[in-house]
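Remarks on the structure that follows.
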């Protein structure tokens, strides 16, 4: 999965997919009442990027729905996965469940079109704080109570705080999550970060009793770092330059071992090295 980083304006969906992304990451900010409000990152952000592009969250979802609904004039067949980077640090811990409920309602209405031929992309809810695990339970409860538990088949999870892998596993237990787990590791492109924790995450994925299904590394903009991440066995790379990742995947060393995921590739299925 080539994951376009910080895609927060509807116009950027086309831009990143046309550069080679089959997945995008979108920032979601919340208001004081835990309603998802904007797709917005703000300052500071990655070096070389504009930090302030934004849409109203529900409007972004409508644009995203068009981009992922077969037959729509804006449809991109290869856009198959969306990571919502949920900026919950603005909330109190006890608002996490509400944030999940409100997020589910927004997605149900504006992305899934109330279960009636909505967008088809798989969705990863990426949460920065382990203490906010009730966002997951609130989300699940709402889809169930609204009569669409089947949409949970399209939803996966990530805790993005670079926490100890054992602590993440315990948190998923509390949230009742037993699959659909992506594990991120990374840092802003302005700084360097080694691959130690990525290797631990890959080892967990490849073990017989691990909780991780997929591992992705962020934010990678250079060819050398891309090669290092691929050598470590990641499933996804988040980038500001999808074309760079696509170029490296075309190199003879990687062409035989990796391919770009399509809609038929289940993002919740573990593919071991």
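Going from the start of the chain as shown, residues are counted 1 onward.
Any Cβ shown, glycine's included, is placed from N, Cα and C.
Annotated Mg(2+)-binding residues in Swiss-Prot are 25, 27, and among 72, 85, 93 the one listed with them is 85. Here residue 85 (Mg(2+) binding site) is compared against the recorded positions 41, 47, 51, 190, 250, and the shortest C-alpha distance is to 41. For the recorded positions 25, 27, 190, 250, a Cα-Cα cutoff of 10 angstroms around residue 45 (disulfide bond) retains 190. Cα separation, residue 41 (active site, nucleophile) to residue 51 (disulfide bond), rounded: 6 Å. Within 8 Å of the Cβ centroid of the Mg(2+) site, not counting the listed residues 25, 27, 85, the chain contributes 5, 6, 7, 8, 26, 28, 41, 83, 84, 86, 87, 126. Around residue 25 (Mg(2+) binding site), the C-beta neighbours below 8 angstroms that are at least 6 residues distant in the chain are 3, 4, 5, 6, 7, 82, 83, 84, 85, 126, 218, 238. Counting only the Cα atoms, the space from residue 27 (Mg(2+) binding site) to residue 190 (disulfide bond) is about 18 angstrom.
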